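One structure is given here, and the rest of the page talks about it.
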Amino acid sequence: MTRVRHVAFVIDSDAYGGAAAHTGLLARHLPGDARRTIVASEPVAALVRDAVGRAAEVITVPLTRGRETAPALLHTLRALAPDVVHVNLIDPGSNTAALATATRVAPTVATLHMTGALPVTLAGAYRDVAFATAPSVEVAAQLRLLLPGQRVVRVRSGVDLPPCPVPTRDEHPVVIGAVGRLTPRKGFDVLLEAVARMMAGSGPPFRVAIAGAGREAENLAREARYLPVTFFGHIRDVPALLRGVDVFCLPSRHESLSLALLEAMAHGLPCVTTPVGDTVSEVRRAALVVPPDDPPALAAALHRLCSDPGLRLELGLRARDRAVEAFDARRMAAETAALLRHAASSRRPSPARRARRAARRPGQPDRPDTSTGRA
């Protein structure tokens, strides 16, 4: 199989979230000595650069998401001349220009993080993708509407596993932590309603720490004005925050499988979450699960954990064990690397290249491309 000497990763997102974190994990944990280059727009590029350190070079290009063409991305990828490109897709339709551009340059593997609308024109954008990976069964099922089944591979998400879980604390107040983009789908408004209900009842003292940035930041801060809630914005050292947390909460309305939730589990934190995407099947008995958009149920689950150190310890141990068993970033990177190698070894000419070759040889059929890239 072809040796991959250079991988280019494309992040086409306007904010740092799961897709960017996923790319950073791949770049840091990809096995082998291949050169790794990440292409992203600001402000994501600066945050990714900080996250990956020396593991990858980060190049900044204008945002492509939602546009029809990506000339700057095309110029950058052609100059890089990678053996294979990996594109992180937020949802099926918003990053099609980045996807089409990548497939013009090199064999491309895409990772889709969320489901979404599938306009009839979308199949053409995915036609030349070598493989598409999905973190959840739901996302994989949607990808199979765009690609033959053998080109869709489920790769379970992974996170860094700290050497030691967070020790259980008996001190008060209990700290409830949450990490994620401040958007409606994350359900942080539901968390604030649950906190208000907890404040109106009896129970041990607690406070809430929320890390993340997003368009709902001002609205959420206004709703939390008289609540024991602190917003930290985007933080670069999430593990440091988690080490000071007793309970983790992610009340998402829509999610495939949250990296933030997996990271909390890896730190041995008891978690409260919702049954969205693959959460229930993957988390199993390692978390309390409540319905989405249900502040009373969320308040009851959080109150239960705040009041019971023994339950916190039990769920935290289960969470850590499940993370070690299934959510190691090194496993995720190894599975993705195998697909990148396979894609690079089966390199075929892009549609544009086939058209140019046909134009140079009028009346002659286009012969199969037997090149194997730079390897």
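Cβ coordinates are placed from backbone N, Cα and C, and glycine is handled just like the others.
Quantities reported herein were computed from a predicted structural model and do not represent experimental measurements.
Mean per-residue pLDDT, taken over the domain 'Glycosyltransferase subfamily 4-like N-terminal' (16-161), amounts to 93. Annotation comment: TrEMBL describes 16-161 as domain 'Glycosyltransferase subfamily 4-like N-terminal'.
Annotation comment: TrEMBL describes 341-375 as region 'Disordered'.
Positions annotated as compositional bias 'Basic residues' by TrEMBL: 350-360.
Residues of the domain 'Glycosyltransferase subfamily 4-like N-terminal' (16-161) grouped by DSSP class, helix first, strand second and coil last, total 59 helix, 29 strand, 58 coil.
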